[in-house]
Amino acid sequence: MAASTASAAAATVLNASARLSPLPPATKPFFNLPSKTLQKPLHITLSKNPISDIISTYKNSDSEIPFFSNDDDDKPREECGVVGIYGDPEASRRCYLALHALQHRGQEGAGIVAVHDGVLQSVTGVGLVSEVFDQSKLDKLPGDTAIGHVRYSTAGASMLKNVQPFVAGYRFGSVGVAHNGNLVNYQALRVELEENGSIFNTSSDTEVVLHLIAISKQRKFVLRIIEACEKIEGAYSMVFLTEDKLVAVRDPFGFRPLVMGRRSNGAVVFASETCALDLIEATYEREVYPGEIVVVDKEGIQSFNLLPNPEPKSCIFEHIYFALPNSVVFGRSVYESRLTFGEILAKEAPVDCDMVIAVPDSGVVAALGYADKAGVPFQKGLIRSHYMGRTFIEPSQKIRDFGVKLKLSPVRKVLEGKRVVVVDDSIVRGTTSSKIVRLLREAGAKEVHMRIASPPIIASC
């Protein structure tokens, strides 16, 4: 079997992306690589959000069964999707559509919280957006302001009680939160809070933020958020909902994306990616800046800074894998980034071949860039079944191994007797890559040359 493996040089790829990413004049671009360990749901159920009050305890019921019983809460995980909408009479329905656009960012669970007549109402469930919500569920979420979340676990087991948005009561009212990121000092903060009497309802790191807001002595809600953000460390793009406000917050390093847009009716929209804005016909205005807090209420829009001169360290894996190609993330087109990765790869790791194919879907754009730069035809040598979740959104190695076979089918007529370059976006465990080589060889490929469009993954954000 003739097979070879190569990856693009880290410095070249990182610098290429950094040069093209517009950032504030006083900052320097920098990118980090996270581990890519997503999950896929096995159990579907619905419930109201379990956190009704910040000091209440969670009680299990027969219907609330973890769909992955041996989940390891200590494993590093990344990626969720958040949405916030203010001033739209169909806020929850717009939120539902926006979450559809962000479904690739998490398939474990989904939820929406809306406010109506000063009351926060919540529907959350395990599964895809279309499995959690129907017309009757959306009818229970009236109001012109809403937040939403699609999830797979970043910290906390894969179970219903960890599905966001979370809703909690504190002495000045109620608050809902949806969070994309990972708080690295979560365990230490949780221990400290529990020692001071806080009772936790979930194993999610996001709940720490709610407790910090609840115990703050500040009266203004935005000051409570600022005080909480001064204590947490790590990656966070969050949207908060109160009886009269929508608040968007991004960590000072800008690890995770968060964008702001506006609909023609004046509604303000926040989302993890611009593809969500596109689906609900909102016009992209700008990013929520690293370290920025944006408050939207009846008085208008206010902006606060957590740090005077934050230094962005955006996660490059958003451009490598997480985001959709039609999104603009960190001020740059994801499609252009992946095309550039493929072009650089063709220069740095050329090989005599008859065709270039992609590992669909995330490897397609890089493969197009490779083929164009190498002057070799691009062919559809692998067909993906879209009835399977993304490989890294599945919770166990056994399911991941089986999923590769169900997900990818080689096209024998294209591959027989050919020297093939197959381009993938990245390698994490190697589960997919080794099986793809075997699939292609069994389908008659004469040679298989793996080309990986990202540097080695050495650390998480």
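The count begins at 1 with the first shown residue.
Placement of Cβ uses the backbone N, Cα and C atoms for every residue, glycine included.
Worth saying up front: this structure is predicted, and the values here are computed from it rather than measured.
The candidate list Ser337, Ser362, Ser385 contains one residue that TrEMBL assigns to the Mg(2+) site with Asp424, Asp425, namely Ser362. In the three-state DSSP reading, Asp424 (Mg(2+) binding site) counts as strand. Cys80 (active site, nucleophile) sits 19 Å from Asp425 (Mg(2+) binding site), taking the C-alpha atoms as the reference points. Most other Cβ atoms within 10 A: among the binding-site residues Asp424, Asp425, that distinction falls to Asp425. Shown in sequence order, Ile320, Tyr321, Ala358, Val359, Gly363, Ala366, Val423, Ser426, Ala453, Ser454 are the same-chain residues outside Ser362, Asp424, Asp425 whose Cβ sits within 8 Å of the Cβ centre of the Mg(2+) site.
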